[in-house]
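The block underneath contains the structure these notes are about, expressed in structure tokens.
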Amino acid sequence: MASSTVNSLLAIFYLVIFLFATSDLKRFVFHVHISRVDRAPVEIYIDTSSSSLSLWYPISIGIIFNVFIIIFSLRNFFIIVQRRNSFGQLCVSTAILFFLFTVRLIVNITVTKTRNGLSTPTLVERSFLVPSLSLEEELTTLTLDWLIKCAGFIGTFIIHYKQKQAYEMDDEKRQELKLMTNFDAFIILNHPIIYIVMYVMCLVLNISQNLPFRFDHAIHRLSQYQKFPLEELIQDVEYTSPTELILEYASMINSNNNTSVCEQRFDAIILAATQGELWALKIIDAWGKPLPSGILQGNSFWLGSYDECIKPMYMPNNKTFLAQPFDTQYCTITPKASQTNPSALPSITLGICVPASCDHQNVVTIIHKYLKKTNITSDELVCSNDPPNGKDGLTNGAIATITIISLLGFLVLIGTIVDLLTVLNTESLVNDSTTHANSVNHLTYRESQKSNRFGLINSTHPVASLGDFSAIRCLRRIFTLQQKNDHDSFAFINGIRVLALCWVIIGHSLAFGLNYSSNIVDVLSWTQNISFQLIVNAVFTVDTFFVLSGFLTAVLFVRQVKKEGRLFTRTMILYYIHRYIRLTPTFLLMVLVSIHLTPYFGQGPVYPTQQGFEGPDCRTTDWWTSILYVGNIVKPDGMCLAIAWYLHNDMQFHWIAPLSLIPFVLGKKILSIFIAIVFVFVGIVSILTILIYYPDMSLNPLVAFNPALGPTFFKNIYITPWCRISAYAIGLLTGYFVIHTGRNYRINKYVKTFGTILMTLFGLACLFAVYPDSVLPSGLSRTILVIYQSISRTFWSMAIGWLLILCSTNQGGVVNRILSWPIWAPMARLNYSCYLVHATIVLISIYSQKLPSYYQGHLVVNHFVAHIVFSYAAAILVTIFFETPFFIIEKKLLKR
């Protein structure tokens with residue numbers, strides 16, 4: 001279905017090219033050309049004078065070009081419509097079309113720029129895009145139009161290459177694929193599985209069979225069953241009906257003397273089930289069933305029903321709730337994953353329902369006794385009755401965190417009250433002054449004076465300064481659409497920051513959810529779609545932030561030194577203090593919330609109620625690395641707030657940036673630029689050296705970011721400052737360029753066009769260059785992947801730096817106008833808080849689900865939108881109660 005839709009779109013694409021080329025051919029034949037500037041038809045008369053004979057050449061070439069375009073676009077159209085397996089012919093005609101349009105682009109740009117857009121018989125074409133109003137926009141339109149066609153040509157090649165691979169599949173595989181998709185054939189071929197499904201339903205309380213707790217064991221077991229005929233399978237597995245099974249347990253119960261209340265109640269559940277009592281069947285039904293559907297799609301969660309276990313059952317017939325003699329709790333068994341083998345398949349997660357009186361050791365005893373799994377320990381068990389943070393009531397850390405938040409909330413509340421009283425007092429004085437001046441009602445004036453003495457606050461009163469902490473004033477500051485339009489503002493950065501953060505949230509939304517998904521194999525199949533590279537390569541958004549940080553650091557530092565006249569020691573001290581105070585309080589408060597309060601924020605089969613979203617190292621020993629911003633290089637396994645590695649890197653870059661900034665403001669610009677370039681090469685060489693030194697280090701994204709012992713791509717490359725500094729250094733260089741040339745600088749038109757095309761190609765290459773690694777069975781060679789990892793972030797940063805230069809000098813055209821929309825400003829003011837809180841929002845949303853996520857296209861989009869909206873909504877609260885109070889305190893202390 002998807003292939004048919006794509007082929008239809010490609011057919012429409014080539015049909016449009018054919019129609020436009022036909023229209024252009026008519027214009028050339030009748031010697032009519034549309035001006036690039038005004039789009040007005042101009043008739044060109046050809047006479048025999050020597051000065052006019054030159055017009056024949058471009059007209060003749062235009063006719064020839066359009067004839068070839070018509071021929072080869074029609075050829076591609078019919079190949080696609082007829083669905084012929086003519087990949088070679090399609091490639092040849094597509095390559096010819098690409099060559100024709102590329103030559104046409106070069107000629108059009110050259111001639112149009114030479115004649116300043118005046119009507120000329122160039123190789124003009126009807127554009128896919130709307131007519132432009134200026135020569136500069138016309139050149140941009142020409143380039144974008146060419147890129148659109150190139151995208152269509154590349155799509156043609158990739159899609160039909162995949163179809164070619166499908167056509168070349170041998171007959172045996174095609175028959176096998178057909179057999180697997182045919183339900184009747186599936187039953188005939190795998191009829192033992194039908195018996196297994198029936199048998200599994202009888203294994204809910206079976207003590208004679210071993211329950212597989214490893215995904216690979218389950219697959220092996222399933223494949224073994226497929227190899228035996230039904231008769232051997234029946235002999236191999238003793239069939240026991242549920243009634244016989246429960247009676248067998250009942251006889252075992254009668255022969256045992258259980259002293260534990262937990263075991264006595266568990267035995268009572270089994271005895272009640274033998275008598276068909278509904279409350280006992282409800283508890284048994286809540287258990288996870290072995291080998292559920294979808295295991296071959298990666299469903300390793302056999303959770304049963306969480307709500308059915310812990311909530312009373314509603315009886316619709318009499319509109320009451322089913323009573324049971326004692327409460328039950330839901331427990332999840334998750335064997336520890338292997339850290340020595342990060343590529344190992346995930347462990348099976350099993351949900352069971354047991355009496356609420358059972359502690360962890362009692363549950364482990366039941367598992368050992370009835371499931372015959374003696375390798376399960378209490379550390380691999382999480383129950384719904386477990387107290388948050390492993391302690392009844394609030395822990396000391398939770399109390400301290402709530403106290404700090406309460407004090408900040410009280411400060412905001414007082415500030416809001418003071419702000420309201422100040423506003424009311426101001427309005428009262430204005431109204432009363434008017435009334436007194438007109439001598440209309442002196443009584444009102446005297447009463448207002450009395451009310452002012454008894455409650456309203458004058459704006460000059462010392463207490464009025466508390467109004468700066470007002471939530472109303474903060475909201476007004478956040479959501480105002482007014483922006484500075486002076487020469488020193490960079491309004492376009494707001495759009496870049498917001499779009500980059502949304503890209504980050506989308507990437508984290510998918511990546512975090514893979515840990516709790518029932519069809520991870522389907523998600524892996526999405527990598528066959530080239531558009532999915534936009535999600536996989538969301539990692540480049542972090543480099544975008546590094547470039548922005550370096551750019552703004554350079555611009556603001558130089559601007560501050562120029563304002564003060566020269567570089568003072570006080571300037572350098574404030575350079576470090578301001579950054580630390582500006583970022584740290586909000587960051588540390590979010591760390592405290594993540595450590596101490598997230599256990600109380602949700603519940604579910606896999607929700608980490610005992611320790612929240614932070615590991616034991618962060619909670620006990622390694623929390624200090626967050627205060628010093630060294631968590632990415634000192635004990636990275638215990639780093640708090642996993643997304644904080646970016647903040648650590650950014651702060652570290654801020655610490656060493658003066659090595660390049662100080663020479664620049666002292667007039668030694670060449671030395672400053674040289675140091676920044678050295679930083680760029682440090683990033684490239686560091687990645688290359690580490691990958692060569694560790695030849696076995698996996699570059700597969702699914703393995704590279706998994707926690708594991710020993711060197712990994714995430715710990716040794718992705719979060720280390722020496723491997724990420726190139727993007728920040730390019731931001732510094734971009735800032736130096738804008739400062740040196742000024743914002744009124746105009747780039748040469750040819751340089752601008754060439755640079756825009758080149759940087760666009762750099763950006764596209766970073767996003768899609770390794771797509772063949774997802775498609776080809778053998779993947780790309782390690783050499784290519786190592787080179788890509790070494791230079792891709794630098795190339796992406798160069799593309800972002802070029803965008804900053806164009807927008808800073810007001811040469812960004814429509815892109816600059818879009819990025820400068822006022823609508824981005826409110827979201828940009830929330831960006832820092834949103835970045836800090838978004839991971840917590842995403843994790844709460846995912847792990848509070850009672851069943852694992854099943855990824856589908858439209859549902860994934862829903863999740864993306866919901867996570868972005870809720871992250872920004874939570875960021876409003878973080879900004880009001882965390883970020884703004886400390887920002888105001890810093891301004892008052894440092895008198896900024």
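Just so you know, glycine gets a Cβ as well, placed from its N, Cα and C.
Look at TrEMBL and you will find 90-111, 182-207, 398-421, 491-514, 534-559, 623-647, 670-694, 719-739, 751-771, 791-809, 830-848, 868-889 (among others) tagged as transmembrane segment. What TrEMBL records for 259-385 is domain 'Nose resistant-to-fluoxetine protein N-terminal'.
Here the domain 'Nose resistant-to-fluoxetine protein N-terminal' (259-385) has, by DSSP, the following mix of helix, strand and coil residues: 45 helix, 23 strand, 59 coil.
Two recorded stretches are said to be in contact when at least 3 C-beta pairs lie under 8 angstroms, sequence spacing 6 or more; the transmembrane segment (719-739) and the transmembrane segment (623-647) meet this definition. Here the transmembrane segment (491-514) touches the transmembrane segment (830-848). Their Cβ atoms form 3 or more pairs under 8 Å, with each pair 6 or more residues apart. Panel annotation: around the transmembrane segment (751-771), residues 109, 139-140, 143, 147, 158, 530, 533-534, 537, 540, 780, 784-785, 788, 792-793, 795-796, 798-799, 802-803, 806, 811 of the same chain, lying at least six beyond its termini, place a Cβ under 8 Å from a Cβ of the stretch.
The average pLDDT computed over the domain 'Nose resistant-to-fluoxetine protein N-terminal' (259-385) stands at 82.
The stretch with the most CB contacts under 8 Å to the transmembrane segment (791-809), chosen from 90-111, 398-421, 534-559, 868-889, is 534-559.
Listed by sequence, the residues of this chain that lie at least six past the ends of the transmembrane segment (670-694) yet keep a Cβ under 8 A from its Cβ atoms are 659-664, 711, 716-717, 720, 722-730, 732-733, 736, 786, 789-791, 793-794.
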